[in-house]
Amino acid sequence: MKGASACSVLLLVVHLSLLNNALMVFAVDPTQGFTNVPLTPSSFIYQKPYNIPLEKRYSFNHGVRRFWVYANDLPFERGSNTRPRTEVQIKGNTTILLRIYNGDMRYYNGEVIATDLYDKWFKVNLIHNVDQGKVMVYINNVKKFESHDEGPGNLYFKCGVYGAPSDTSRYMESRWREIKIYKKES
């Protein structure tokens with residue numbers, strides 16, 4: 001069993017925004033056979049530039065979590081060599097990195113999973129079968145990607161913005177709503 005979670009399969013249902021609004025509906029309930037994992041304020045660990053109060057880089061209004069960061073912001077902790085970020089971690093959940101550059105979602109820095117995602121709401125479903133070491137990504141209810149996971153480790157889900165590579169953006173923002181985590185029923 002990998003990570004801190006005691007389940008074999010996790011399903012992550014997230015509505016992600018990179019700005020407007022659209023309604024997405026499943027034809028079949030993707031959570032059938034899964035149990036919702038309650039998320040409380042203590043489930044979230046925030047990271048933001050260490051010299052700036054959280055409310056200057058994060059807001060939670062009307063159910064929408066908004067994260068933003070500037071290229072010249074400092075890292076999340078003093079002495080860190082990482083780029084600026086404003087993000088939240090939800091511990092014990094899954095392993096995959098989805099990045100958006102120029103409106104295209106990529107698996108880590110590689111394969112393009114979906115395109116033209118700026119300035120619209122879209123739904124991300126992630127299924128991580130820990131026992132099989134497999135992750136599957138669905139965008140707006142359509143399977144877009146499948147791969148092996150990155151192996152054992154301390155698993156967590158993160159969302160927000162993380163310093164873009166040099167000279168790509170001076171400002172980044174993402175908006176998230178209805179973050180839900182489900183465990184496979186035993």
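Any Cβ shown, glycine's included, is placed from N, Cα and C.
Unlike curated entries, TrEMBL annotations are predicted automatically.
Values in this document were obtained by computation on a predicted structure and should not be read as measured data.
In TrEMBL this protein carries:
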type   : residues : note
SIGNAL : 1-27     : signal peptide
DOMAIN : 93-182   : domain 'Alginate lyase 2'
Averaged over the domain 'Alginate lyase 2' (93-182), what pLDDT does the predicted model reach?
82
Can you count helix, strand and coil residues in the domain 'Alginate lyase 2' (93-182) using DSSP?
0 helix, 52 strand, 38 coil
